[in-house]
Amino acid sequence: MTTSSTRSETTDVSTASTAVPPAHRLRAILPRFGMVGLFILLLVVFSILRPVSFANSANLRTILVESAVLTILALAVMIPLIANDFDLSVASVLGLASILAAGLPAKQGLPVPVVIVAVLAVGAVVGLLHALLIVKFDLPSVVVSLGTSTVLGGIVLWYTGGAVLYEGVPAALTNLGSKSFLGLPLPVYYMIVVAAVLWFVLERRPWGRNLYAVGSSEVAARLAGVNTARTRATALIACSTLAALAGLVLTARVGSGNPSISNAYFLPAFAAAFLSLAAFRLGFFNPLGVVLSVYLLAVGVNGLTILGVPSWVEPVFNGTALIVAIGLARLSIGKSRRLVGA
């Protein structure tokens, strides 16, 4: 009887000491959804300030559609970042893919299915090259991808002569970007599928857990039996392939290939990827956070444009968002850990 009573008292003391007050739990959870609140706040503010021009279905549909390509690219950026690898060539891969998607059927007369496979294959080859140089030969990912970006930019200029490719793009390709289903253009569905697949792979499959483990500590992951080299290589290949997909979708949507289009996608893609650190899973790059971040930036830029601010505000807005994202993530992570440990 005495032994049973002692065990019961010990259990009660242990439970009491480890229990976290509900208020602390709530305060630990709220930072994860702070960006959702900010997104809603922006929607409300711009809707009040410009109820006719902003808060209408056509404008909101435009925001949704025009950000689909950027979302796919930002998701591509996110993948190697999880393992602490930077791919600065993603926008250049998008640009090359967009040009090839427009030029291969128009100049070389290739059928659309072959064009799609060829464009994605080019992206995969770039990723494979990155994997070889970064993982196999242990070269800095920033330096390698920056060099690759420059090379790809040169290839684009050589292929196009600096001119926009808009003649001869087949309807079979543009239909993939202009047709709608249930009121939404197909690029939105491509974006949703990519985000959903990435979420499932990263959150529910061993490869995703391994990738996060490598990002936390590559040495510890290797000691735990993770093939860190293969995990990082796969992430780099997936990144470039998705960037090529984004370029393919872009050409399908606009019906042309612009050799300078990549400049408009680089900073917003990285800003959205880093903003995901402050959404849902604090301190971790995550697909849902990336999607939310892209549309948070898109709503901000769209709303400011409708308010009549100058065009230079957009790059300033995106650059500021990138800086704020990193600082906000660090503050939120530290606060969350203190609250949980309280």
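For all residues, glycine too, the Cβ spot is worked out from N, Cα and C.
According to TrEMBL, the feature transmembrane segment maps to 33-52 (among others).
As annotated by TrEMBL, transmembrane segment applies to 58-81 (among others).
Taken from TrEMBL, the feature transmembrane segment covers 112-135 (among others).
Marked as transmembrane segment by TrEMBL: 142-161 (among others). Same-chain neighbours of the transmembrane segment (142-161): 86-89, 91-93, 95-96, 99-100, 103, 126, 129-130, 133-134, 257, 259, 262, counting only residues six or more beyond its ends whose CB sits under 8 Å from a CB of the stretch.
Sequence annotations record features per position, and here TrEMBL assigns transmembrane segment to 181-202 (among others). Within the chain, the transmembrane segment (181-202) has long-range Cβ neighbours (under 8 A, six or more residues past its boundaries) at 61, 64-65, 68-69, 71-72, 75, 78-79, 82, 208, 211-212, 242, 245, 249, 252-253, 286-288, 290-291.
Among residues of the same chain six or more beyond the transmembrane segment (233-252), those with a C-beta under 8 A of the stretch's C-beta atoms are 68-70, 72-73, 75-77, 79-80, 82-83, 85, 87, 89-91, 93-102, 116, 119-120, 122-128, 130-131, 134-135, 169, 173-178, 187, 190, 194, 207, 211, 261, 265. Annotation comment: TrEMBL describes 233-252 (among others) as transmembrane segment.
The transmembrane segment annotation in TrEMBL covers 264-283 (among others).
What TrEMBL records for 290-309 (among others) is transmembrane segment.
Annotation comment: TrEMBL describes 315-333 (among others) as transmembrane segment.
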